[in-house]
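J.: Just dropping this structure here.
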Amino acid sequence: MQYKRMANVTKNTLDALNTIFVLSSMDLPREAAYASIVIALPAYIFSVVCNLLLIITVVSNRTLHEPMYILLCNLSFNDIVGISALVPRSVFDMMFDYGLITFPACFLQAWCLHMYGGATLLFLSVMAFDRYVAICHPLRYHTIMSKATLIHLISSSWIIVFVLVVILFGLTLQHPICRNELSSYYCDNVTILKLTCAADITVNNIYGLFITGFFHTVGIFSIVFTYTWILIACCKSNDSESKSKAWQTCGTHLTVFVIYEISSSAVVLVHRFPNTPPALRKIMALAYVIIPNFIYGLKTKDIKQSVTCYFCY
């Protein structure tokens, strides 16, 4: 039975390889489309440049080879993947009114977006744990956050996201595709699932809710747990300088997490209300990946100093 299901997935995938999908139009007035391009393209370039600069700075400076900065590099790489999966293609379609995409390109875009969403929440959770150990257990920080522990946390985060996304798309690709008009201007698992001939997608819906709930629950729980203990530790401390440094680092991390949660939740909510203007749903989806994760690095004093030295010398 298992081999038969795997054979069906393979057959359905091969049948879909030559399919050309028609993307939904942004339905924006020409002036609004041009305005969106003027905003989205510079924002994309700025985000990619900042994230690449952050990665290069951390990799080239041995003094920054600490858990927090290595985790930040992973978050920046993930941010580049997510924003590159959506923004360039969307800008191209708005600029030339193209609206066609092959199945491999559609699948790759959907895959990158789901990997981006899950990995962002897991890495923000791991970074919250790192800050908790650094502030609440400073004397044991390097013992707890050892090189082996860091490798384990990073590899586990990527593997968990990869496995969960593989299952997500595996459940979708077991159904044959019989339509080619997407309900969105970009590809994700839900839009691809709507193109299938599946009579019953209960399992897909349940697993979709599970994977969404899992990532957000892990993120919210880790933030609530770690910041509760960090708040207690800061209240007990009499060192004003340590308090200021802790709040500066944690405040930036919390800002990034809240921005991401609000934007991702807004994308989900606007799709649940049928009366929401289509243009608003599509603009919200575009804003979803233009999340400035790089502000975490640019607000970190050590990285700002290293970037300055990198260009000055």
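Using the three backbone atoms N, Cα and C, a Cβ is placed for every residue, glycine included.
A quick note: this is a predicted structure, and the numbers were derived from the prediction, not measured.
As annotated by TrEMBL, transmembrane segment applies to 32-56, 68-87, 107-129, 150-173, 206-233, 254-273, 279-298. As annotated by TrEMBL, domain 'G-protein coupled receptors family 1 profile' applies to 50-259.
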J.: Which one of these stretches, 32-56, 68-87, 107-129, 150-173, has the most C-beta pairs shorter than 8 Å to the transmembrane segment (206-233)?
T.: 107-129
J.: For the transmembrane segment (32-56), which partner among 68-87, 107-129, 150-173 gives the most CB pairs under 8 Å?
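T.: Per the Cβ count, the answer is 68-87.
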